[in-house]
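Q: Feature annotation from TrEMBL assigns domain 'PARG helical' to 22-112. What TrEMBL records for 118-293 is domain 'PARG catalytic Macro'. TrEMBL lists ASP150, GLU168, GLU169 with the feature active site. The substrate binding site annotation in TrEMBL covers ASN153, GLN167, TYR208.
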Amino acid sequence: MEEQTLGGKNFLFVLISIGMRQQAIPLLRRGTSATVTMSQYQASCLLANAFLCTFPTLLLLTNPSNHVRFPEINFYRFFEYNRICFQKLRCIFHYFERVLVKKPSGVISFSRQAVTDIPRWARSDKRLRALHVTSRETIEDYGVGFAQVDFANACIGGGVLDLGCVQEEIRFLICPELIVSRLFTECLQENECLIISGFERFSYYAGYANTFKWLAPYYDDTPRDKFHRRAVELIAIDAKYYRRFQDQFKPKWILRDLNKAYAGFFLNSETVPAVVTGNWGCGVYHGCCQLKSNL
């Protein structure tokens, strides 16, 4: 691999220099509703440290019980020799090239939402709203101005820093600022979601899973709100894995998925016109598309 330079400076040297500018961040613990807000530049400093693998691992912590439910944040698996990791690194390198050449100026918010007041669905008389179905667009391309769903893993980001490369992982790769959430977001419980707003997209891509590849730079012109956040909102709700396809039709699992979706959507009904989603958990998790669309 050729040595990367930025304005005559060594790429790694510049990366280390911004990695040294990190600040302490509060944790988004399970069972609580709270928000962490940071600048895009702060996010780049944290990602530089993740790339350099400077964050402590579980084996090095004196009290690992405080951190055991937080995902891995260091990028060490990216440096293994395989095609998927190479393509993931292309996304990450392109992100750093962009933010190191021009310091980003926006703001990102990460909001953990824990819902305790669940409706009694059997008594609800609310009707389903209009449903528009298209197979021509992706969530990130079609969902401008709407709330967009991340088919999340309970541990946010799923296999983005490993070999995983499906819906959630791809979104995190083309919008690397999302990866920062792994540092401070404890794994989600059944009544929780994570809502991320203000992040930027940096890349075009093609393919899915084993065929994924970085294509070209993407220049995000999404308008900003009064807080200088891009008008984009990602709702991370984790799907349930069904070993047997028929299990998801049992009342307890229908209720689980309904409550999980409610956790992600209930605060957004007045602030966004619609939710853009897809086949939530209907791939390797064996979900039924028709059932999920009704939920």
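From the backbone N, Cα and C atoms, a Cβ is placed for every residue, glycine too.
What you are looking at is a predicted structure, and each value in this text was computed from that prediction instead of being measured.
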Q: Measuring Cα to Cα, how many angstrom lie between ASP150 (active site) and GLU168 (active site)?
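A: If we compare the Cα positions of ASP150 (active site) and GLU168 (active site), the gap is 6 Å.
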Q: What is the Cβ neighbour count of GLU168 (active site) at a 10 Å cut-off, with all protein chains included?
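A: Result for GLU168 (active site): 24 other Cβ atoms within 10 Å.
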Q: Hey, how far is TYR208 (substrate binding site) from GLU169 (active site), Cα to Cα, in Å?
A: 10
Q: Expressed to the nearest Å, what is the distance separating GLU169 (active site) and ASN153 (substrate binding site) at their Cα atoms?
A: 10
Q: Taking all residues of the domain 'PARG helical' (22-112) together, what is their mean pLDDT?
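A: Here the predicted model's pLDDT, averaged over the domain 'PARG helical' (22-112), is 85.
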Q: Could you check what DSSP calls ASP150 (active site) once collapsed to helix, strand or coil?
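A: Note: ASP150 (active site) is in a strand by DSSP.
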Q: Take the Cβ of GLU169 (active site) and count every other Cβ within 10 Å, whichever protein chain it belongs to.
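A: GLU169 (active site) is surrounded by 23 other Cβ atoms within 10 Å.
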Q: For TYR208 (substrate binding site), just give me the three-state DSSP call.
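A: The residue in question, TYR208 (substrate binding site), is coil (DSSP, three-state).
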Q: Sort GLU168 (active site) into helix, strand or coil using the DSSP assignment.
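A: DSSP assigns GLU168 (active site) to helix.
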Q: Count, for each of the recorded positions ASP150, ASN153, the other C-beta atoms lying within 10 angstroms of its own C-beta, and report the residue with the smallest count.
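A: Comparing Cβ neighbour counts within 10 Å for the recorded positions ASP150, ASN153 gives ASN153.
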Q: Just to be sure I understand, if DSSP states are collapsed into helix, strand and coil, how many residues of the domain 'PARG helical' (22-112) fall in each?
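A: Going through the domain 'PARG helical' (22-112) residue by residue, I get 41 helix, 13 strand, 37 coil.
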Q: Sorry to bug you, but what's the C-alpha spacing from GLU168 (active site) to ASN153 (substrate binding site), rounded to the closest Å?
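A: That separation, Cα to Cα, works out to 8 Å.
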Q: Would you pick out, from the binding-site residues GLN167, TYR208, the residue whose Cβ has the largest number of other Cβ atoms within 10 Å?
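A: Answer by Cβ density within 10 Å: GLN167.
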